[in-house]
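S.K.: Dumping the structure here so I can ask a few things about it.
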Amino acid sequence: MSKLFLDELPESLSRKIGTVVRVLPSSLEIFEELYKYALNENSNDRSGRHKKPRIDVSSDLLKTDEISETNTIFKLEGVSVLSPLRKKLDLVFYLSNVDGSPVITLLKGNDRELSIYQLNKNIKMASFLPVPEKPNLIYLFMTYTSCEDNKFSEPVVMTLNKENTLNQFKNLGLLDSNVTDFEKCVEYIRKQAILTGFKISNPFVNSTLVDTDAEKINSFHLQCHRGTKEGTLYFLPDHIIFGFKKPILLFDASDIESITYSSITRLTFNASLVTKDGEKYEFSMIDQTEYAKIDDYVKRKQMKDKSMSEELKAKSKSKGQATDGTADQPSILQEATRQMQDEKKAGVFSDDDEENDQNFEAESDLSDGSGQESSDGAEDGEEAEEDDEEDDEEEDKKGQSALNRDNSFASINGQPEQELQYKEFKEPLELEDIPIEIDNDDDEDDEDGSGVEYD
């Protein structure tokens, strides 16, 4: 039997077969038959025989795959699409004329802008997400493996107007005319998605969901920046999303290795997510009030918080001391949060301060040079500014006087001045009463003869 077929195989596989043949020479014939069979099957696939029908998602297919009322599962008109393109389009679920499989497409009239086939394999993740500060809107977010002609790769993000969607559902006869709960629309869309082969989650309908580990995960979102772009960071049971300005970021929660907090102030902090591949993504200007929720999410997902180790290293470098490695020390972020809570309890920011701030803002609006005030108002503004300058000078003098009093306790050559004065006057002092003459005259010229100098 010829051994020439071994030369056609990968070197590692050829060596393994050779080892078997040396032990069992009769096996060479079996290996050669297997090789010939594989060649025949490969040629059959190329010629189209024994080949399972599949959809070739191309523009030629789309010309024959028409959409009509008979094969439409669900249609929602005038949806505001934000990604991968920005247009008002129609969202359509329908059954393909080619093989009857479900398809999602975005239409502009009769023109297809984006089509996704094989939904059970192509849709990787889909979810409804709230729109911050706009309760009448909701996002529908979807990621996919490929689309028609591979024109796009970015996630699909569209905004649904709750009122308009409710009206469309009522006009289509999908809801009764007296229904006002938008969740009925969400439930219907989710059911259609399940029938077509994928799931759309709705994590914010109930703020608490249950993940695969049977642990309660609170879904929440917060405002932050990535570089110069402001966006929303969504923490979901299995994913973290930042959007919706390009590039949109989607993380699988299980792919996050660690989190690090930095640039911590009394009001904000930064958080950096580090993936298992070593990629780092920093999000800045996060409000301090969001820390507890992030910390709880991180702990439940068993992500590593590397902030403490970096803080201890920084302390050891600045103080020249070795790190003791105590993991129980409160982090800087926790200290800042505690300080902010203490200040609120102590009433550091009083109502008077807020009133002063409002007055200041109001005065700023009137003196911004926009030309909306009359000339008399401008003159009054100038006089007010002069009065303010005089008041500022007087306040400066008072402040300097207070500063001088405070400085009486400052150290001189490392020794407190108070101690020097005490040493200087160890002997008892004899105090002498000094008579003070009181001027009862009611002159108008009291200032000149009062004995008190005014600045």
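Placed from the backbone N, Cα and C atoms, the Cβ positions cover glycine too.
A quick note: this is a predicted structure, and the numbers were derived from the prediction, not measured.
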S.K.: Labelled phosphoserine in Swiss-Prot - which residue from Ser14, Ser350, Ser411 would that be?
M.R.: Ser411
S.K.: Swiss-Prot tags one of Ser43, Ser318, Ser401, Ser450 as phosphoserine; which one?
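M.R.: Record lookup, Swiss-Prot, feature phosphoserine, residue Ser450.
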S.K.: Which candidate in Ser153, Ser207, Ser408 appears in Swiss-Prot with the annotation phosphoserine?
M.R.: Ser408
S.K.: When DSSP states are grouped into helix, strand and coil, how many residues of the domain 'PH 1' (68-200) land in each?
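M.R.: For that range the per-state counts are 31 helix, 56 strand, 46 coil.
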S.K.: If you average pLDDT over the region 'Double PH domain' (68-301), what do you get?
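M.R.: Here the mean pLDDT over the region 'Double PH domain' (68-301) amounts to 91.
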